[in-house]
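Peer 1: My questions all concern the structure below.
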Amino acid sequence: MLKRNKVVLVGAGGVGSSFAYALTIDNSLVHELVIIDVAQDKAKGEVMDLNHGQMFLEKNIKIAFGNYDDCSDADIVVITAGLNQKPGETRLDLVGKNTKIFKEIVTGVVSSGFNGIFVIASNPVDIMTYVTMKYSNFPTHKVIGTGTTLDTSRLRYFLAERFNVNTQNIHSYIMGEHGDSSFATWDETKIAMKSLSEYIAEGTIREVELDEIHKKVVNAAYEVIKLKGATYYAIGLGIKKIVNAIISDQNLILPISSYINGQYGNFIKDIYIGAPAVVCKEGVKEVLDFKISDRELEKFKISANQLKSYIDKIEF
């Protein structure tokens with residue numbers, strides 16, 4: 001008998017419902033989705049709305065409203081719950097509020113007997129991923145945050161627009177905090193087989209333009225929040241990408257919130273931060289210790305130290 005894959009979503013807000021919709025319309029891998037939210041009517045409404053579209057799907061998926069007991073046999077628990085970033089707020093402003101929320105959620109999930117993989121998308125995601133690891137006492141490879149996957153997607157979109165190529169031909173990452181202290185790996189970036197440094201040498205693009213592109217990446221969330229109140233479609237797709245990579249054992253390299261403990265020159269320890277890692281059915285197979293330039297390593301340390309300064313204030 002084929003194994004039936006089950007995902008539980010905690011959080012039926014904009015991000016959670018966008019992920020649920022993305023998972024539903026591309027549901028070849030997941031057989032059951034349970035949605036949990038403290039706002040029970042909202043979660044029930046999302047379940048009803050999704051179920052009413054079953055006739056239009058290639059394959060039906062069982063979608064239900066539930067509670068933490070439903071996590072006991074889940075393969076993956078996705079957490080998108082928590083307070084959202086408001087106009088003028090940084091993601092780090094949410095640390096204290098969302099840590100309290102996460103303690104209750106993670107305790108509830110683990111008490112069910114859940115032994116699968118956590119995927120965290122709530123902000124500040126790097127810190128909330130660390131918080132989940134601490135409160136769950138799970139091994140680090142079974143706790144994953146969305147990290148800089150969305151930032152990287154934004155970067156590749158902007159570069160693809162600039163060079164008039166498909167995003168699949170852009171090989172570049174945003175690393176560090178999912179937030180203002182992130183950095184682009186310009187020194188390692190390639191457009192197809194050609195390095196970005198070659199394009200700069202040819203005069204095709206200038207470094208000042210690259211600075212502007214990175215600023216667009218960093219400010220993208222603020223722009224979307226200003227225009228429509230919140231970001232959720234793109235990150236919903238990003239969560240689905242991570243979930244699919246786990247369910248189908250893809251060994252896919254993604255810049256998730258990875259647990260760093262001595263990689264990248266042994267300067268960064270005991271922290272979750274955006275860095276490329278291999279995602280598989282066990283969660284994280286390996287955090288890739290890429291050789292990055294000295295100037296990028298310095299940015300990585302600055303970003304890590306900023307996150308660490310917030311983590312050190314949390315009492316576990």
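Each residue, glycine too, has its Cβ placed from N, Cα and C.
Just lifted these from Swiss-Prot, have a look:
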type	residues	note
BINDING	Val15, Asp37, Lys42, Tyr68, Gly82, Leu83, Ala121, Ser122, Asn123, Thr146	NAD(+) binding site
BINDING	Gln85, Arg91, Asn123, Pro124, Val125, Asp126, Asp151, Thr152, Ser153, Arg154, Thr231	substrate binding site
BINDING	Arg156, His171	beta-D-fructose 1,6-bisphosphate binding site
ACT_SITE	His178	active site, proton acceptor
MOD_RES	Tyr222	phosphotyrosine
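Can you tell me where each of these features sits in the structure?
Peer 2: The Cβ neighbour count for Lys42 (NAD(+) binding site), using a 10 Å radius and every protein chain shown, is 16. Classification of Lys42 (NAD(+) binding site) by DSSP places it within a helix.
Taking the Cβ of Thr231 (substrate binding site) as reference, residues of its chain lying under 8 Å away and at least six apart in sequence are, in sequence order, Gly14, Val15, Leu150, Ala220, Ala221, Val224, Ile225.
Over all protein chains present, the Cβ of His171 (beta-D-fructose 1,6-bisphosphate binding site) has 16 other Cβ atoms lying within 10 Å.
Look at His178 (active site, proton acceptor): DSSP puts it in coil. Of all Cβ atoms in the protein chains displayed, 31 besides its own lie within 10 Å of the Cβ of His178 (active site, proton acceptor).
Under the DSSP three-state reduction, Tyr222 (phosphotyrosine) is assigned to helix. The Cβ of Tyr222 (phosphotyrosine) has 16 other Cβ atoms within 10 Å, all protein chains considered.
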Peer 1: Distance between His171 (beta-D-fructose 1,6-bisphosphate binding site) and Ser153 (substrate binding site) at the Cα atoms, whole Å?
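Peer 2: So the Cα of Ser153 (substrate binding site) lies 11 Å away from that of His171 (beta-D-fructose 1,6-bisphosphate binding site).
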Peer 1: When the Cα of Asp151 (substrate binding site) is compared with the Cα of each of the recorded positions Lys42, Gly82, Tyr222, which one is closest?
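Peer 2: Closest recorded candidate to Asp151 (substrate binding site) by Cα: Tyr222.
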Peer 1: Tell me, which recorded positions from Lys42, Ala121, Arg156, His178 are within 10 Å of Gln85 (substrate binding site) if we use the C-alpha atoms?
Peer 2: none
Peer 1: In which DSSP state, out of helix, strand and coil, do we find His171 (beta-D-fructose 1,6-bisphosphate binding site)?
Peer 2: strand
Peer 1: Around Val15 (NAD(+) binding site), how many other CB atoms lie within 10 A of its CB?
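Peer 2: Taking all protein chains shown, Val15 (NAD(+) binding site) has 28 Cβ neighbours within 10 Å.
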Peer 1: Greatest CA-CA distance (Å) over the residues Val15, Asp37, Lys42, Tyr68, Gly82, Leu83, Ala121, Ser122, Asn123, Thr146 that the record ties to NAD(+)?
Peer 2: 24
Peer 1: If I take the Cα of His178 (active site, proton acceptor) as reference, which of the recorded positions Gly82, Ala121, Arg156, Tyr222 has the closest Cα?
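Peer 2: That would be Ala121, the closest of Gly82, Ala121, Arg156, Tyr222 to His178 (active site, proton acceptor).
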